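**Q** Have a look at this one before I ask anything.
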Amino acid sequence: MSTLVQQSLGNAVVASIPAPTWSGFDLGPLRIHAYALCILAGIVAALWLTDRRWKRRGGPEGSIWDIAIWAIPSGIIGGRLYHVFSSPDAYFGPGYDGTGDLSLIPQLWLGGLGIWGAVVLGVVGAWIGCRRANVKISAFIDAAAPGILLAQAIGRWGNYFNQELFGGPTTQPWGLSVSPEFVPVGFSPDTLFHPTFLYECLWNLAGVAVLLLLDRKLKLRNGRLFLLYAMIYTAGRVWIEMLRIDTAEQITFFGITARLNVWTSIIVFVVALVAFIVIGMMRRGRADDSVFLPGREPSLEEVEAKAAVKNDAGTSAAKQSSTKAGTKPVTDAPTASATAEASAAPVALKTEAVAADSAAADSSTPDSVKSESVTAEPSKAEASTPASSIPESNTAGVDKDAAVKDS
């Protein structure tokens, strides 16, 4: 019985996270790699979230795209350069002896983007875009911080499809199986490894939730939310990086040898923490809600003009949609007041006719009779049909008709 249970558990472990059977597809002569699709999906998600946050922050309409066109290519180049120089053996050979393959450097689809190079050059590109858009880089990176972490969470799945950067062997039920050709030397083909891509993905998603929550509660400004992002990410990267068994540059500090990315994460965490505290002390009690550079705020006329253009566009879109749906615009429909006026027209004509008959009768009556009629009782016609009762009764009827039509 115990043997059967152990076999069942073993089978469950083996089937926990299987090796991917798909790594991309062919589009004519072009090979579309899953790694590239994961990176692209992360960028799209980051742009979506950042755009929503940037608008709520008061950023100019459409400025995020003007900034992204500088930040994204710069980030990709920076990430690749960091990877190449932090893991140089494949490109330059061991000890830079020239035995490497330089043609591998531009082949991004094979994997290899260093986050710190991507962040540094990405921020440089964003700074250029922000200057051109007349907005503060600190305001933009605060708005973008959760989106950046979301992009990293999605992009890490590219490591799964490439079957790379996994951790050491494990017997946990979430162990990762890799194809035989990707099993490191010295391990059996059925060995399960720590799925570090999954650990980092979950850590980053939790970080996104924390950033959004704290930003809503504390309204962190002046780049402090971005610094908090750096601290959250590096805190997770340290322990996840220590699980990995792929080849990496080793650095010794204070007699401790560790992977380059471990030391980099520790240094970035400390610097971000100090900057977070210092900026908080310097900016305490200061309101800084404007996203625009000093003296670059749009004038009131520009704001009103943009609002008018936006309203006109919305009105035109509404009319076009109603026309396509086969309905008339609301402005073409008869109003209740117009219906009441149309119904009251015969009443007005009838009143005028009665007044004309009365005038004709007065003109044919002698003056002596007229004088007597002033003091006499009203005639039967006048008593039975007062002039004021005609429009009131007919108006009431019109109101009823209008009410029926409106209903």
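Backbone N, Cα and C atoms are what each Cβ position is placed from, and that goes for glycine too.
Because the structure is a prediction, the values reported are computed rather than measured.
Summarising the annotation, TrEMBL assigns compositional bias 'Polar residues' to 313-325, 385-396. Summarising the annotation, TrEMBL assigns compositional bias 'Low complexity' to 333-368. Sequence annotations record features per position, and here TrEMBL assigns region 'Disordered' to 306-407. The transmembrane segment annotation in TrEMBL covers 32-50, 62-82, 108-130, 137-155, 197-214, 226-242, 262-282.
Locate each feature and note its surroundings.
**A** Residues 20, 22-26, 64, 68, 72, 108-111, 113, 143-144, 146-148, 150-159, 161-162 of the same chain, all 6+ positions outside the transmembrane segment (32-50), place their C-beta atoms under 8 angstroms from a C-beta of that stretch.
Using a Cβ-Cβ cut-off under 8 Å and counting only residues 6 or more beyond its ends in the same chain, the transmembrane segment (62-82) has close neighbours at 43, 47, 50-51, 54, 105-106, 108, 112-126, 128-130, 132-133, 135, 140.
Panel annotation: around the transmembrane segment (137-155), residues 38-39, 41-43, 45-50, 53-54, 57, 59, 67, 113, 115, 119, 123, 126-127, 130-131, 200-202, 204-205, 207-208, 211-212, 215, 220-226, 228-229, 232-233, 290-291 of the same chain, lying at least six beyond its termini, place a Cβ under 8 Å from a Cβ of the stretch.
Sequence-distant neighbours of the transmembrane segment (197-214) (same chain, 6+ residues past either end, Cβ-Cβ under 8 Å): 17, 145-146, 149-150, 152-154, 156-157, 159-160, 165-167, 174, 176, 220, 225, 228-229, 232-233, 236-237, 240, 243.
If you look at the transmembrane segment (226-242), the same-chain residues 6 or more away from its ends with a CB under 8 A from one of its CBs are 115, 119, 138, 141-142, 144-146, 148-149, 152, 167, 196, 199-200, 203-204, 207, 210-211, 214, 220, 258-259, 261-262, 265-266, 268-269, 272-273, 275-276, 279.
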**Q** Quick test of the contact rule: Cβ under 8 Å, at least six residues beyond the ends. What residues does that give for the transmembrane segment (108-130)?
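**A** Sequence-remote neighbours of the transmembrane segment (108-130) are 24, 31, 33, 35-36, 39, 66-84, 86-87, 136-137, 140-141, 144, 148, 152, 155, 158-159, 162, 164-165, 230, 233, 237, 261, 264, 268.
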